[in-house]
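Right, one structure below, let's go through it.
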Amino acid sequence: ATYKVKLVTPDGPIEFDCPDDVYILDQAEEEGHELPYSCRAGSCSSCAGKVTAGTVDQSDGNFLDDDQMADGFVLTCVAYPKSDVTIETHKEEDLTG
């Protein structure tokens, strides 16, 4: 399946289609968008965002704890869309602060 992904960035929202077997960060880059990242392996917080609508599968990541995920935080480098989804990007400071 392919879902609509909306990323709300400091520069404004961007929208694109993302297959459910492609990481959101990877697809964003394919579409020509630059987003923050570091490890690309789900083990840091550089790419952190916050899901405001929809659901993702980020079971490949291991950096976030259950409480952070329950609060909606997501690592876009290891997140697959599981529905149409809206994510606020550039949330590392909210996560670590």
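Keep in mind that glycine also has a Cβ here, set from the backbone N, Cα and C atoms.
Of all Cβ atoms in the shown protein chains, 26 besides its own fall within 10 Å of the Cβ of CYS77 ([2Fe-2S] cluster binding site). Here Swiss-Prot flags CYS39, CYS44, CYS47, CYS77 as [2Fe-2S] cluster binding site, drawing on sequence analysis.
The domain '2Fe-2S ferredoxin-type' annotation in Swiss-Prot covers 3-93 and is backed by sequence analysis. Here the domain '2Fe-2S ferredoxin-type' (3-93) returns a mean pLDDT of 97 for the predicted model.
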CYS39 ([2Fe-2S] cluster binding site), number of other Cβ atoms within 10 Å: 15
Number of Cβ atoms other than its own within 10 Å, given for CYS47 ([2Fe-2S] cluster binding site): 28
